[in-house]
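TrEMBL has this to say about the protein:
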- B:41, B:388, B:440: Mg(2+) binding site (BINDING)
- B:60, B:63, B:434: Ni(2+) binding site (BINDING)
- B:63, B:437: Fe cation binding site (BINDING)
């Protein structure tokens, strides 16, 4: 990790692209196989799929064409009904990577989130994730709900939602964020295509993307150091006193930025609300202290 | 008689199953099942009032700004806050970027694969239906536009991010203010984005929907609803408007009256216990987590078609293809309105003070999929109660005395090939279902 520190800090914006290109090249020259991917949407808002569609370098089509065989995705797949679920079942017999977005609802044995009806049987997301989780080569939890429970698990947790790791009790790569940044998703997929394992911290987050706090590289850090604080939304200074969670939130938002890198929440004069944290949202409120 | 369950209905937001009974190639019974429960109203209770804006955004990944706006309107109503015209224009602009993002994505990513067979290599595009009628040359054109559309829907979210920090789940809209720092450069950037997207919508999207409608003319006869339409109003300004709050019931237009909205849970997996609505998955006869909102006891259709009809821009008729065409035409119309609004916004100084008290507020706005309502009850700066009626709840509600709107659209549909029932998916998708939204409403007290 230390050796690549400089790379990580200075090449944030091209890191995912470089990783993705490396993966695509290795696949094209037969050095590695294009992996199958099952993407299950569970109890959440499907915002991570939308975020993935916002991917820029590389974009969604590059991912689908050159990096993965996406076999199951409720939001995107053309097929529907039993045939769609059969594609899921068939893929279980091969090698595949499991991606989950959304928390896993366990109330009434998972009946609060049904993802298919196959030959008269209701298939819950809970069942599907257990089935796929038992066989998957790697498991990636995308977004804060899948990683830690997130908004879906917020008190009083009406759907008895759990994180993917809580349900599967296996190693899970967590890519929290509400939503997760498309480059964290594509970069991680690319990395595990070309390498055996990705280095993660004790919460399962890849150090490549979650190694530093927002505070470490915040563009308003100089105001913090000089104790110049914003007292209202819209002021261009450090928002620590408005409740900014940058100091406790580990993501690379300040360098990576969002949506073709045009902006990010602090750039929009609002505090970081710590959406990538394990205890979001319950431990992060109030989001704005006025 | 054949009973058929299509679940999952893919290429939508959230989880939806449809159960149909078919007799002599005709659908005689339809049940639309919302298969996800999250319980936002329970999660919101006791939390800080302002947090409702960012939290309710998380109801929906594809229309988050809509919830931010409705929550903001509800809080402004409760706090007696009146935002300046400039603030209203800026947040309407942000909201409309999200609508455009959705309309482009819904048309190309979710609708087009129903009518055009793709020759892309990804297994995602494998099809399980046979009824594809568009000739190769035109099909290739639409597929090329499909690839372009990914850029332009993304660009619409860049518009959201410029004004709101990031998308989805932006930070920009709050009661009384918008957080963005505007300067001339940023305004020019936004103008340029609007023009680029408008160019694509007018020259590609409208043409593509036209091609599809020519080859699938029978879908002007499939998927008819009651001729009941509702809108809470959108872009309703002093000197011009797109659509005013209004309703059409049985073909007759009248003014909108909020007191005529009621919800029932007869066929939903809920029951009332000590005045509280609680979930009960074992309830007899129930088949959905979606509740049944009604206007004057009638099920109504909401969304782009309803708005286009209510604003007089579309003839009074409803069908699968009319719904799809109306969405595309509306995208073009909203982009036109956006280029008017963007000329009116200007840099400003942000100042707001919240004076919390015991109060309640109602926020109603028409959005991507139709009429959205937020209701908040405040105990000073804490939320004492929260209710949401989403657009997809209007469209995808289960029955009471009447079939739900989408159920009505399905029943009586002629099925061409009983071994390849493609009609159900096409009809249901034309409503742009968002079940992650629809399934956590509660009874208004």
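A Cβ is built for glycine as well, from the same backbone N, Cα and C atoms used for every other residue.
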For this session: With a CB cutoff of 8 A to chain A, go through the binding-site residues B:41, B:60, B:63, B:388, B:434 and name the hits, or write none.
Result: B:60
Problem set entry | All-chain count of other Cβ atoms within 10 Å of residue B:41 (Mg(2+) binding site) | 20
Exercise. Hey, which of the binding-site residues B:388, B:434, B:437 is the loneliest by Cβ count within 10 Å?
Worked result: B:388
Exercise. Can you tell me the three-state DSSP label for residue B:388 (Mg(2+) binding site)?
Worked result: strand
For this session: With H, G and I counted as helix, E and B as strand and the rest as coil, say where DSSP puts residue B:63 (Ni(2+) binding site).
Result: coil
